[in-house]
Amino acid sequence: MAEETQKPEAAAPPAPAEEVVVEKESEQEAASEKPTDAVVEDKPAEAVEEEPKVEAKDTKVTESASFKEETNIAGELPDPQKKALDELKQLIQEALNKHEFTPPPAKDKDKPAPEEKKEEDQPATSAAETEVKVETEAPAPVEVKEEEKADPPIEAPAPVEVREEEKADPPVEAPAPETVMETEVVEKVSAADDDGAKTVEAIEESVVAPPPAEKPEEEASSSLKPDEVAQSEEKPEEAEVPPPPPQEVSIWGIPLLADERSDVILLKFLRARDFKVKDAFTMIKNTVIWRKEFGVDGLLDEELGNELEKVVFMHGFDKEGHPVCYNVYGEFQNKELYQNTFADEEKRSKFLRWRIQFLEKSIRKLDFSPNGISTIVQVNDLKNSPGPGKRELRQATNQALHLLQDNYPEFVAKQVFINVPWWYLAFNMMISPFLTQRTKSKFVCASPAKSSDILFRYIAPEQVPVQYGGLSRDGEQEFTVADAATEVTIKPATKHSVEFPVTEKSTVVWEVRVVGWDVNYGAEFVPTAEDGYTVIVSKTRKVGPADETVISNSFKTGEPGKIVLTIDNQTTKKKKLVYRSKAKSYSE
């Protein structure tokens with residue numbers, strides 16, 4: 001839910017903010033698309049003049065909601081972006097060959113460091129360490145006597161001076177281990193003659209210490225031929241010639257380098273980093289590592305309960321075909337739910353895992369083909385939302401914000417905030433630094449009075465849940481999302497009529513609602529025949545905001561005519577009217 005509580009800085013006053021956002025987005029669009037609003041074949045008497053104005057407004061908004069100008073087809077990308085995509089693929093392939101997406105655990109990373117230090121420090125500290133080792137190692141001088149036979153030349157005065165130079169300049173002798181062994185053996189003998197037993201044993205140990213294992217020491221003492229030792233070391237290297245197969249890494253069920261779907265995923269990371277190849281590669285690598293550490297793939301099968309199903313849920317699609325996710329923060333006014341979700345670190349961690357699980361399941365349903373829809377629209381309802389003073393909620397939100405922005409790039413086509421309270425501006429200023437400019441450019445905010453209007457700009461009324469001013473309801477209904485609805489704005493202090501044609505022997509069914517109601521509503525049947533009688537279907541009455549959400553009705557007739565709905569807006573505010581109808585024959 002991290003991405004669900006943000007708003008652009010310029011959106012302090014609700015009404016101006018809506019205009020500014022729409023204008024900025026419309027400039028980025030081609031401005032050549034036509035409105036996609038589906039309209040029922042009705043013939044409203046007064047709607048003929050007003051409906052085109054509403055459609056003209058929707059045209060700009062529909063274009064602003066579209067991000068199709070950023071194609072996911074590799075062949076249609078600009079040359080710099082093509083180059084960036086190819087370079088990113090090369091970096092990923094090299095990383096897969098080297099298995100860089102599965103780094104060793106932290107413990108293994110710490111092991112080689114001390115070993116290297118020991119090898120480097122031994123020449124410099126051998127003289128000091130050997131004084132301690134001499135007391136415990138007795139068989140060392142015996143080995144020296146055997147070596148004396150092979151090396152007869154002995155010089156007495158030289159060893160003392162050589163030892164001092166060795167202590168002062170240990171790195172000089174480090175690169176030539178074979179010669180060091182010969183000279184040190186000579187020194188051992190001469191030192192023994194001068195009754196320097198301790199120093200002799202110390203030098204012997206400095207020679208024996210460098211090999212890490214005991215087996216090489218035994219082989220060296222028996223053969224005493226460096227050529228044979230070198231050959232034995234070359235044999236295992238020849239055996240390790242075959243390299244391991246390239247690593248296989250997938251994200252959201254799609255391999256990183258497989259087909260066109262892989263390009264769609266890589267383009268998301270590139271766009272999130274302004275097509276900076278190295279930054280995008282680092283982001284992908286960190287995402288893969290995080291997914292393994294977090295256990296995302298196994299998370300899909302975990303049972304985390306359904307207590308939050310009213311807090312976050314998917315419902316319908318927008319006018320461009322994006323799935324719509326609703327985040328209802330007001331549900332956390334329930335103290336029991338709030339405590340069960342955010343009371344301690346363990347519960348906040350469970351909530352985060354549930355949120356990631358929900359997002360992962362939603363992403364798996366997207367179409368990652370180049371021409372498919374691989375983004376969603378988020379609607380964030382801040383009505384009765386706990387304020388920023390709720391520390392636990394703020395901590396969980398910030399934590400989720402970082403995870404979602406770092407590991408789920410370019411999955412949100414639009415962020416719509418509705419019922420925005422007064423305190424949201426201050427809260428936005430606090431979290432805004434954590435958001436990229438590209439992310440903030442997708443935000444649209446609306447005050448409670450404008451929330452339904454803003455939703456209808458991006459989502460058709462038949463797709464909007466009834467609690468947000470739409471016509472979509474749970475359970476069996478006469479209409480479905482396939483039955484398009486019509487939107488009309490009723491001016492203040494005006495009366496608006498809607499007509500549904502009726503053929504002979506048919507039943508007309510309709511649904512109508514006015515957002516916020518507070519208007520007079522009535523319906524009647526007017527026959528086509530001049531000598532026919534008008535039939536009152538619904539007597540004119542005042543409908544208040546809390547009376548009904550959607551009025552559903554039907555009329556069965558055996559003669560042609562029309563159903564006339566009358567909505568009388570006597571208030572000083574504009575009203576949004578939404579309706580749809582269909583005719584059914586008697587056989588249906």
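Note: Cβ is positioned from N, Cα and C throughout, glycine not excepted.
As recorded in TrEMBL, the features of this protein are as follows:
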type     : residues : note
COMPBIAS : 21-71    : compositional bias 'Basic and acidic residues'
COMPBIAS : 79-89    : compositional bias 'Basic and acidic residues'
COMPBIAS : 96-121   : compositional bias 'Basic and acidic residues'
COMPBIAS : 143-152  : compositional bias 'Basic and acidic residues'
COMPBIAS : 161-170  : compositional bias 'Basic and acidic residues'
COMPBIAS : 225-234  : compositional bias 'Basic and acidic residues'
DOMAIN   : 301-476  : domain 'CRAL-TRIO'
DOMAIN   : 477-583  : domain 'GOLD'
REGION   : 1-180    : region 'Disordered'
REGION   : 204-248  : region 'Disordered'
Cβ-Cβ under 8 Å with the compositional bias 'Basic and acidic residues' (79-89): same-chain residues at least 6 beyond its ends: 257, 263, 266-267, 269-270, 275-277, 280-281, 284
Secondary structure content of the compositional bias 'Basic and acidic residues' (79-89), with strand meaning DSSP E or B: 11 helix, 0 strand, 0 coil
Across the domain 'CRAL-TRIO' (301-476), average pLDDT on the 0 to 100 scale: 90
Per-state residue totals over the domain 'GOLD' (477-583) - DSSP helix, strand, coil: 0 helix, 66 strand, 41 coil
